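Database features (TrEMBL):
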REGION    1-128  region 'Disordered'
COMPBIAS  29-45  compositional bias 'Basic and acidic residues'
COMPBIAS  49-70  compositional bias 'Polar residues'
BINDING   Lys240, Lys462  substrate binding site
ACT_SITE  His460  active site, proton donor/acceptor
SITE      Ser485  site 'Interaction with DNA'
Amino acid sequence: MSQDSQHGKWTISDSEDEDNIIPPTPQKDSNKPSIKPDLERKPDKITTFFKTATHVNQTNPVKYESNPSPSVKRKRETEEAGWNLSSSDDETPTSALKNEPKKSKVSPKRKKTEDKRPPSPHGTSYYKEEPADFFETNLLSMNDMYRFYLNKVTGIPKKFNTGALHIKEILSPMFGTLKESAQFNYCFDIPWMVEQYPPEFRDKPVILVHGEKRESKARLIEHAKPYPHICFCQVLSFLKMMLLWYEEGFRVIILTSNLIRADWYQKTQGMWMSPLYPRLPEGSPETAGESPTNFKRDLLEYLEAYQAPELAEWIDRIKQHDLSETRVYLIGSTPGRYQGPAMEKWGHLRLRKLLSEHTKPVQNEEQWHVLGQFSSIGSMGLDKTKWLAAEFQRTLTTLGKPGKSLVYPSVENVRTSLEGCPAGGSLPYSIQTAQKQLWLHSYFHGWHADVTGRSNAMPHIKTYMRVSPDFTQLAWFLVTSANLSKAAWGTLEKNNTQIMVRSYELGVLYLPSAFNMSTFPVEKNVFPASSSSKGFPVPFDLPPQRYSSKDQPWIWNIPYAQAPDTHGNVWVPS
């Protein structure tokens with residue numbers, strides 16, 4: 001059936017959420033020589049095809065076919081950079097949930113369409129080599145107070161990258177003499193990833209912790225054949241984390257980027273980088289080296305939940321190191337149904353517990369705003385009382401009951417971005433979900449990030465925070481892989497005696513009490529970064545700007561043909 005609305009005439013499928021949608025796949029005009037914005041030219045039409053599997057090292061890896069095989073997978077690798085999504089964009093089947101109590105009756109299975117992810121239309125020729133001065137050569141510009149960093153973005157003024165981090169820098173000798181690494185991620189471009197390691201570390205052992213199955217797993221293994229130092233650990237996991245073991249110690253990085261080039265090119269991403277953890281003295285008890293935030297215990301518990309023998313050595317290494325300097329709290333989600341004390345271990349109830357235990361009342365607390373910023377939106381229900389303004393609001397507004405602002409890119413944000421419409425491939429809000437929750441759109445605010453020079457770098461980062469009425473102070477800040485979805489955060493069941501979580505997520509929570517502060521001041525001059533700054537580097541502009549009457553949230557499977565994007569294309573899904 002169809003429905004008329006402010007977004008035009010929508011075609012509605014029987015799919016229940018965005019996770020079941022077959023999204024549009026635009027094709028880029030390969031004859032365009034430049035990525036320079038040109039909004040006056042006659043637009044080219046972006047058509048919809050699915051791509052055949054190709055190897056990343058082929059001369060022309062971008063090939064399309066109009067009649068793809070039904071076995072086309074939801075996620076391709078490498079050259080489809082930027083279009084693969086985090087776990088909170090996918091609903092884990094209920095059968096995969098752990099700790100699920102026995103049911104007295106069997107619920108009928110809902111119809112689920114095949115989930116496919118589109119390839120990126122850019123192709124390898126889109127990416128330009130960064131100049132030599134793009135990368136940092138020392139740590140002088142780094143602000144290590146909060147250890148929260150944005151990724152470098154190609155195509156913006158240099159000052160807005162001074163103090164941001166590229167993966168090449170993270171893996172460089174600046175941070176330690178690397179002996180071995182573990183890469184947890186949702187999507188890998190193995191040849192590209194290997195090139196990000198400096199030559200002196202390029203053959204050091206790497207374990208890739210992935211969630212691939214069947215054909216996509218076979219392709220991943222095939223792409224790793226030229227690299228004998230790479231091994232694999234297959235788990236039901238899509239979080240993004242690096243474990244780096246050095247001669248000098250150990251480091252943890254929790255980030256929002258996939259290990260593909262597009263995610264490190266012209267998108268806004270974020271990460272928390274731990275201090276360099278020293279090794280504990282021989283014979284230290286397992287409880288040694290704990291931080292005031294219990295980060296070591298929580299990280300070990302999270303890794304042990306995988307029950308993966310391949311991770312046993314890494315678990316032992318963490319036990320052998322001193323993590324006492326950690327000032328953040330770990331917020332994780334793992335699929336399952338949890339009751340009793342276990343309810344507060346994962347998802348938004350974990351966040352609620354920490355906020356209730358470690359935050360203090362602030363003046364005019366009922367006027368403090370809650371901001372959520374994300375790159376994907378799940379099904380919230382027919383009205384706000386079903387989840388968002390009920391259990392989730394209770395968690396986020398532990399300090400009071402203010403209004404909420406949701407920061408999500410508008411159509412105009414995407415159209416005028418560095419990538420143009422293809423940036424919308426990493427913003428998978430579908431019409432099938434949007435048309436069921438028009439009430440949600442009154443919460444939306446656009447993506448504006450002049451403070452970090454990233455207004456035109458569409459966000460793949462996910463952040464949540466509590467900010468003062470004048471937008472100068474933070475009560476808390478969270479960077480995470482969790483998008484705005486019940487799958488990621490969990491939903492209460494059985495009269496609030498049970499919580500169900502459907503996906504793996506990981507993030508870190510900043511609380512002022514862990515920094516001996518009452519609140520975090522918001523940094524007004526994020527870049528160039530300064531080691532003397534005490535302000536928190538919020539990635540986007542405060543206060544956020546509410547959508548105008550003409551703005552619409554980016555919905556990736558309806559057409560936008562009224563005006564061309566920065567590459568002269570319009571978005572016309574077939």
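Here the Cβ of each residue, glycine as well, is placed from N, Cα and C on the backbone.
Cα separation, Ser485 (site 'Interaction with DNA') to Lys462 (substrate binding site), rounded: 12 Å. Rounded to the nearest whole angstrom, the C-alpha distance between the residue listed as 'active site, proton donor/acceptor' and Lys240 (substrate binding site) is 12. The Cβ neighbour count for Lys240 (substrate binding site), using a 10 Å radius and every protein chain shown, is 26. The Cβ of Lys462 (substrate binding site) has Thr256, Gln373, Phe374, Ser375, Val479, Thr480, Ser481, Ala482, Asn483, Gly507 as same-chain neighbours under 8 Å, each 6 or more residues away in sequence. In this structure, the recorded positions His460, Ser485 were compared by how many other Cβ atoms lie within 10 Å of their Cβ, and the smallest count belongs to His460.
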